[in-house]
Protein chains: 4
Amino acid sequence: MCGIVGVSAAQPVNQLVYDALLLLQHRGQDSTGLVTDDGGSFHMVKARGQVREAYRTRDMRTLLGSTGLGHVRYATRGSAASEQEAQPFYVNAPYGIVLVHNGNLTNTRELTADLFHVDRRHLNSDSDTELLVNVLANELQSQLNGAELEPDDVFTAVRRVHERVEGSYAAIALIAGRGLLAFRDPFGIRPLTLGRRTADHLPGVQRDEWMVASESLVLEANGYEVVRDVAPGEAVFITPDGELHLQQCAEHPRLVPCSFEYVYLARPDSTMSGISVYDARLRLGDRLAATVAEHAPLGDIDVVMPIPDSSRPSAMQLAQRLGITYREGFYKNRYVGRTFIMPGQAVRKKSVRQKLNALGTEFRGKNVLIVDDSVVRGTTSREIVEMARAAGANQVTFASAAPPVRFPHVYGINMPTRRELVAAGKRIPEVAREIGADRLIYQEVDDMRDAIVEGSTVTDLEMSCFDGRYVTGTVDDDYLRWVEANQLS
Amino acid sequence: MCGIVGVSAAQPVNQLVYDALLLLQHRGQDSTGLVTDDGGSFHMVKARGQVREAYRTRDMRTLLGSTGLGHVRYATRGSAASEQEAQPFYVNAPYGIVLVHNGNLTNTRELTADLFHVDRRHLNSDSDTELLVNVLANELQSQLNGAELEPDDVFTAVRRVHERVEGSYAAIALIAGRGLLAFRDPFGIRPLTLGRRTADHLPGVQRDEWMVASESLVLEANGYEVVRDVAPGEAVFITPDGELHLQQCAEHPRLVPCSFEYVYLARPDSTMSGISVYDARLRLGDRLAATVAEHAPLGDIDVVMPIPDSSRPSAMQLAQRLGITYREGFYKNRYVGRTFIMPGQAVRKKSVRQKLNALGTEFRGKNVLIVDDSVVRGTTSREIVEMARAAGANQVTFASAAPPVRFPHVYGINMPTRRELVAAGKRIPEVAREIGADRLIYQEVDDMRDAIVEGSTVTDLEMSCFDGRYVTGTVDDDYLRWVEANQLS
Amino acid sequence: MCGIVGVSAAQPVNQLVYDALLLLQHRGQDSTGLVTDDGGSFHMVKARGQVREAYRTRDMRTLLGSTGLGHVRYATRGSAASEQEAQPFYVNAPYGIVLVHNGNLTNTRELTADLFHVDRRHLNSDSDTELLVNVLANELQSQLNGAELEPDDVFTAVRRVHERVEGSYAAIALIAGRGLLAFRDPFGIRPLTLGRRTADHLPGVQRDEWMVASESLVLEANGYEVVRDVAPGEAVFITPDGELHLQQCAEHPRLVPCSFEYVYLARPDSTMSGISVYDARLRLGDRLAATVAEHAPLGDIDVVMPIPDSSRPSAMQLAQRLGITYREGFYKNRYVGRTFIMPGQAVRKKSVRQKLNALGTEFRGKNVLIVDDSVVRGTTSREIVEMARAAGANQVTFASAAPPVRFPHVYGINMPTRRELVAAGKRIPEVAREIGADRLIYQEVDDMRDAIVEGSTVTDLEMSCFDGRYVTGTVDDDYLRWVEANQLS
Amino acid sequence: MCGIVGVSAAQPVNQLVYDALLLLQHRGQDSTGLVTDDGGSFHMVKARGQVREAYRTRDMRTLLGSTGLGHVRYATRGSAASEQEAQPFYVNAPYGIVLVHNGNLTNTRELTADLFHVDRRHLNSDSDTELLVNVLANELQSQLNGAELEPDDVFTAVRRVHERVEGSYAAIALIAGRGLLAFRDPFGIRPLTLGRRTADHLPGVQRDEWMVASESLVLEANGYEVVRDVAPGEAVFITPDGELHLQQCAEHPRLVPCSFEYVYLARPDSTMSGISVYDARLRLGDRLAATVAEHAPLGDIDVVMPIPDSSRPSAMQLAQRLGITYREGFYKNRYVGRTFIMPGQAVRKKSVRQKLNALGTEFRGKNVLIVDDSVVRGTTSREIVEMARAAGANQVTFASAAPPVRFPHVYGINMPTRRELVAAGKRIPEVAREIGADRLIYQEVDDMRDAIVEGSTVTDLEMSCFDGRYVTGTVDDDYLRWVEANQLS
């Protein structure tokens with residue numbers, strides 16, 4: 001998971017891209033990068049860690065130019081600590097291109113071989129983003145014809161990218177001195193939204209300003225009006241003078257957005273594919289309430305509690321629907337630090353207790369229903385149940401706003417391997433025992449889909465980790481085994 | 001406002017104090033300091049900013065010792081940026097003493113003169129904490145009698161400190177190689193709690209471990225059992241081998257804890273003076289509901305919204321009590337960065353919009369009741385009302401869980417001067433106009449007191465900024481004028 | 001002026017390249033860069049300032065691989081402070097190439113236009129090194145034929161580089177996973193030496209190790225045997241398994257090494273083009289002695305003094321030859337710091353006095369002959385004469401081991417524009433007045449040439465700034481005006 | 001060994017003290033500190049490493065005030081890396097005092113016990129400087145009488161310090177808001193010089209400015225006129241308005257300056273006790289020439305070579321006196337870096353080869369006479385001899401400008417223990433074999449004394465490491481054993 005943003009404006013964009021990255025920080029905190037195009041020269045700063053700590057005044061002073069893009073990264077492949085994996089990636093021929101990317105390519109093995117042996121392009125990392133920018137560069141190179149770059153050349157190159165590349169990708173690129181390009185994979189798995197600030201907001205300016213970003217709140221919070229999502233397969237090209245070009249570049253585009261954005265990735269104040277994330281979470285609570293009512297003796301439950309922050313809307317709605325008291329018995333520690341390795345001391349286990357604290361007064365002697373957004377490894381859930389019991393809870397029912405996670409996720413969210421998924425190959429009562437809950441209630445798969453898409457024009461969702469269906473062609477058992485063998489542990 | 005913690009343990013305390021400071025981070029983010037006593041040698045690290053960024057591995061490696069204390073600072077006097085104001089403060093005679101302090105002394109002018117002219121002690125900053133440690137040092141010096149330091153010498157010195165010093169202070173000190181001292185002003189204005197981990201938790205250890213901290217959650221989250229609050233005027237002295245000595249050192253102690261802790265300072269998962277902060281906030285919501293019901297036509301209000309995070313419990317309870325839908329229409333941006341000053345660019349105003357985002361779907365066409373914990377300057381409230389209207393709200397009612405703030409706060413919370421307090425000398429409808437709300441409803445003063453103390457043994461609260469009564473003797477108009485002339489703007 | 005080094009070894013090279021850079025530090029202190037090739041992946045670290053401060057342990061840990069190169073930079077074009085100008089430069093197609101360069105290209109305007117319009121390659125800086133690596137990349141690209149890269153392909157590309165590029169350049173490049181390439185311009189203006197450590201020095205290793213560097217002392221100090229200088233126009237290609245390929249790639253190579261290396265650039269313990277720098281400096285002193293004897297009444301001179309460190313050998317030899325006492329009356333301050341700009345304080349002028357101190361006892365009442373390596377702007381000489389007089393010197397004769405500098409240097413040494421050269425268009429007595437000396441004696445042009453080449457096979461020297469003859473074709477008045485208009489002030 | 005400087009001026013002194021520290025950098029590079037007195041408030045910055053890297057602009061901006069002092073440290077006791085040992089040291093009662101110190105106290109065990117048990121003062125380090133400032137503070141405290149501090153109170157306190165403290169110490173202190181104090185031990189072992197800039201150099205200023213520093217060059221290079229050395233046992237007190245008070249505070253002062261300053265510690269452009277260091281080194285060369293002539297067949301020696309930089313004057317003079325060719329065959333590497341510890345790589349031995357390089361052409365086939373300032377451990381000498389032979393030397397004669405070092409140095413120079421001194425208990429031919437030289441010639445003890453004091457009024461020198469005589473009373477075998485057991489290895 002990552003967050004990306006690109007801006008083409010009539011004024012310096014360094015602070016604006018920086019502000020946008022802060023608003024995307026929840027999508028990745030491993031590294032960040034910011035690049036500006038200053039009349040054909042790129043200025044780039046990349047650093048580990050969070051945005052707030054990454055950019056210093058002297059960095060910002062170098063980031064000149066009125067076109068720019070930025071990235072926050074949550075490691076999905078490769079080592080989280082590696083600076084060599086930090087985005088954006090740069091290639092200097094043709095034209096000079098920088099690119100940022102949210103998603104995950106699934107035919108990386110084939111692409112790597114082709115680039116090395118056929119295209120003779122050098123890959124200096126294991127990043128699939130470096131693959132993506134090199135494929136794009138190669139296809140732009142093959143459009144070279146002596147004349148200047150036209151929007152159609154760009155769209156042709158994106159068309160070729162869609163043909164060569166498989167997986168999920170929402171990408172933003174700068175072509176030095178020529179413009180800003182944004183495009184989205186033919187299934188629109190990862191989000192990308194287009195915003196505009198019209199010329200009349202800007203004194204003395206004759207052009208519109210444009211922003212593309214992973215989430216709509218970024219546009220709104222920075223005074224941009226949401227135009228619409230970039231369509232699956234579509235490419236947007238904005239010239240340095242603010243002219244917008246759009247083209248559908250995929251043969252058979254079909255919108256299948258990632259369900260996880262609604263469950264916990266996206267900010268509740270974003271709207272994706274026309275669906276308000278906050279409202280989707282309320283509806284997940286509604287549906288979950290019905291399932292809970294079916295499986296649990298409601299008279300038994302004294303209080304409903306969310307795991308802050310992502311399950312709060314679902315839990316609140318569920319409590320209201322069931323008429324049970326809602327209390328926030330878990331308090332989230334906002335300031336999480338490090339465990340220092342001291343000579344001669346043993347390494348301390350990282351624990352949920354560093355992230356959450358339980359209020360004794362809310363738990364003592366009560367039967368609690370804890371609502372979380374999902375259960376993945378199960379280790380966190382087990383610790384939460386333990387904390388509730390240690391705080392004095394009598395009986396603990398655990399409810400998940402998402403169905404059991406049983407399959408790997410290969411489209412840009414870092415998921416454990418199958419054997420680490422607590423629900424893979426297990427029945428629900430077994431999982432309940434595993435996490436120590438008296439009772440465990442999952443959202444139904446259909447309920448999740450319906451809750452999310454209700455009231456929208458979306459008809460399908462990427463839900464592979466729940467149902468094992470992978471929309472891109474080549475995700476098979478061989479691939480999944482390779483992914484698991486090469487994954488972050 | 002600051003957060004303090006001290007530990008006397010049977011093992012290295014650097015990581016433990018660090019973890020405790022993270023849990024106190026909400027009490028101050030301007031600077032932090034950590035000191036350990038390593039068999040009579042102090043190791044100290046101080047730095048600007050947050051705990052997470054302040055301590056590096058190489059710092060932690062120097063912080064040896066099994067007694068230690070820490071501090072997080074929210075500037076109340078002096079320049080926030082000044083490293084010279086960072087706590088702890090150290091004096092090397094007698095014995096070597098380091099001290100941290102939460103609160104504010106109100107007779108600093110007299111103390112400064114005495115220390116300079118009579119005691120010939122050097123003050124290297126404007127910090128009242130440096131005053132406090134020097135007064136303590138001076139009184140310990142006058143106990144010197146050739147024999148080793150006894151607990152009674154320490155208590156006599158604290159007794160003399162209570163006589164010389166006025167204002168609010170919860171303090172923790174280390175006397176090099178001799179022990180950890182904690183004491184609280186005779187009114188107990190600022191909080192301080194004592195916790196213990198008994199020997200049976202520690203293999204091979206024959207002593208108890210002790211922690212004192214500003215808030216009880218710090219004890220609990222680190223596996224310490226809460227013993228009780230340090231009493232107003234009381235001093236606690238713990239020798240290096242873990243022996244605890246307690247003595248009441250004030251002539252007429254009387255518990256008058258600061259009401260602001262309950263309104264917004266403390267974490268909801270803390271208990272102070274026997275009162276759960278979370279429960280107090282729920283009760284503030286209950287009482288406020290009654291007042292709202294009196295003054296507002298309830299049928300008119302479509303939705304109740306908190307300003308996260310501190311007003312959430314009050315707002316939720318109010319909504320439930322009034323049977324109005326509760327929604328979180330404001331989303332708090334967790335990652336707030338800087339505004340860089342670029343050459344040739346104007347300085348941007350800091351804005352609430354950097355901290356909050358409004359979900360359009362929740363506001364559009366609705367009559368909203370916004371609940372905040374308090375209204376101080378009014379500038380934030382005005383921006384919030386503007387955001388609600390910009391997001392499409394039809395009618396905006398604003399409710400404050402605390403009464404109008406009309407007087408300066410002199411006991412350790414950085415409050416603006418009287419002329420900056422929006423409610424000072426104004427009637428409520430005027431304030432409503434000032435912040436742009438259609439209607440403004442404040443908690444009643446008596447309701448606030450009752451809501452907080454209900455069910456506890458506390459009979460009085462420090463509420464001077466609401467009612468103008470200052471419990472310490474010498475806070476008069478001359479003093480208030482001097483404070484305002486020397487305050488942070 | 002810069003220093004470069006490249007190594008192909010049978011073991012990790014990070015420390016070795018770092019050590020080599022320290023030994024080249026006198027050639028440039030503005031920035032430094034180090035890159036290693038780790039089985040086809042590049043690891044690169046670049047930083048401002050000196051080597052000692054630039055690389056941290058965590059940087060070194062990332063610099064894996066047994067082939068590497070490094071650079072120290074003295075800004076000749078562009079802003080000294082710009083990190084974007086720091087070498088090495090990287091291009092990712094074809095193959096992935098990093099390159100470092102000592103020298104200065106003189107047809108940059110034509111090259112830039114060609115790369116932009118014809119080759120569609122992006123230049124992200126004003127660095128001529130970025131031009132050089134892109135020209136090389138482009139010529140390698142045009143050799144692509146589906147087969148793997150052969151040494152002959154590399155040599156063909158270098159041949160094409162010699163055809164397209166004008167000026168001075170000693171360059172070292174890594175072609176990712178394919179080998180280390182070093183080449184030198186057809187006049188051999190800037191130095192480059194090849195060294196070897198044979199397999200028998202390395203237990204269990206079956207290959208030779210190779211190092212190329214700007215100066216021979218770097219090879220010797222690191223245990224490498226000097227093989228010989230890379231010839232003018234020649235290219236060296238070393239495959240990852242240590243196989244060495246050599247080829248002359250220029251049509252009409254002719255050795256015309258830069259005279260300034262012998263006068264002050266190179267370390268005295270280096271040998272270049274078969275000439276010991278230390279011995280050349282002694283001979284410069286011999287020749288200068290004769291000229292001094294001609295023009296100055298020797299009985300008048302009490303003492304000869306060098307300006308440490310570069311003129312020491314010449315001055316010592318001159319003193320011995322003339323039988324005059326030699327004393328070191330100027331002491332060089334090794335530790336030079338910064339002048340901090342304080343608010344409200346005027347900026348202090350940088351002064352020679354920060355770099356040199358005069359020993360009063362050596363000057364008082366004496367007639368001194370001061371020997372410096374050269375006189376360029378004259379400002380330093382004037383300050384030195386002033387210092388000598390302030391220290392009590394009676395009469396000051398100034399002697400320069402090099403002839404008058406009257407023309408710009410365009411081959412990689414940062415020289416002022418013509419109007420800043422104190423000797424440009426002036427007769428020697430005028431210059432003497434300008435610098436305040438009682439008498440000024442310059443080395444004769446022929447004496448300098450003869451002194452340097454004596455006993456070697458070198459027949460010509462690059463001496464354009466003394467005699468105005470530029471060996472590369474296109475350095476004309478138009479070019480010189482453009483250089484001066486775009487130079488560092 | 002350390003360098004110290006203090007300034008009382010009519011303008012900000014931060015840059016001036018910084019510049020002075022750079023000029024003292026050769027006296028210590030382990031840490032540095034700078035403190036200013038800003039109307040009674042101290043501002044202090046301390047850091048590890050060299051001056052150039054230690055102070056940043058933001059540090060300098062805090063260092064306000066027109067009185068200040070600074071320190072560069074070469075660790076003599078305690079860990080070099082420990083920041084807790086960095087000077088200056090501060091005590092806050094009475095008055096507030098900061099102090100820097102060059103030298104070494106020899107009765108630290110007694111002082112530590114007294115301060116702990118009698119004075120109840122806390123020592124937070126093993127630094128004897130912390131002892132010194134506490135003794136001074138204690139004695140000032142006992143002068144407290146209700147009235148303001150008078151110069152006589154200060155002198156009385158210094159008198160008491162001389163009584164309590166043994167060893168070598170040149171010290172500078174600031175008493176907050178009251179003045180700058182400098183004093184020197186009763187034997188004047190470590191140097192301290194007083195300089196003045198009279199009011200007429202400063203427009204609009206009615207007072208003189210004063211500087212005290214370890215070496216006279218610091219005064220001269222900063223435009224201060226050398227007044228004279230501070231006398232042994234004397235104290236200088238300068239009030240904030242520039243009034244100078246002087247008093248002899250020792251009972252039986254007697255000048256016995258450290259001989260090592262002339263041999264290698266001090267800069268050649270300094271004058272100490274009326275003796276020019278440069279001239280003393282020339283005379284050491286003269287005397288050594290005579291001894292060499294006695295012991296070595298001169299016809300055999302082809303060339304004389306110094307080990308730069310400290311033995312250069314002696315070697316040059318010796319060569320001239322003996323009529324042998326002088327050459328600089330060793331070149332000093334100015335830029336020395338680190339050896340990085342890489343995982344899995346063995347630690348490399350630090351070697352003289354990193355510091356020196358030998359010019360092959362100067363050694364090949366020659367009989368060389370190498371002159372060094374002294375021989376201490378012998379390891380460096382052995383490596384130098386090896387380098388000469390590896391560079392092709394035929395025969396190597398080694399001459400030391402100082403006599404054999406056979407006893408520990410306890411007055412502020414970090415010397416190895418007796419068993420590590422190559423000459424301790426050995427005859428000269430044995431030492432020659434040890435270092436691998438064909439012949440080894442030492443300066444005679446009397447010659448060294450005579451060479452240094454010739455032409456001055458100095459009658460005695462501190463030469464204990466050559467002759468075993470310790471001028472301070474209590475340095476006996478018990479003490480030497482304790483020192484050796486607690487020394488840096």
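Any Cβ shown, glycine's included, is placed from N, Cα and C.
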One of C:Ser310, C:Ser456 listed by TrEMBL as binding Mg(2+) at the site of C:Asp372, C:Asp373: C:Ser310
Cβ within 8 Å of the mean position of the Cβ atoms of C:Ser310, C:Asp372, C:Asp373: remaining residues of the chain near Mg(2+): C:Val263, C:Tyr264, C:Pro306, C:Ile307, C:Ser311, C:Ser314, C:Val371, C:Ser374, C:Ser400, C:Ala401, C:Ala402
C:Cys2 (active site, nucleophile) to C:Ser310 (Mg(2+) binding site) - Cα separation in whole Å: 17
Same-chain residues at least 6 apart in sequence whose Cβ lies under 8 Å from C:Asp372 (Mg(2+) binding site): C:Pro306, C:Ile307, C:Ser311, C:Thr380, C:Ser381, C:Ile384, C:Phe398, C:Ala399, C:Ser400, C:Ala401
Reduced DSSP assignment, C:Cys2 (active site, nucleophile): strand
C-beta crowding around C:Asp373 (Mg(2+) binding site), within 10 angstroms: 25
Number of other Cβ atoms within 10 Å of the Cβ of C:Ser310 (Mg(2+) binding site) across all protein chains: 22
Average pLDDT across the domain 'Glutamine amidotransferase type-2' (C:2-241), rounded to a whole number: 92
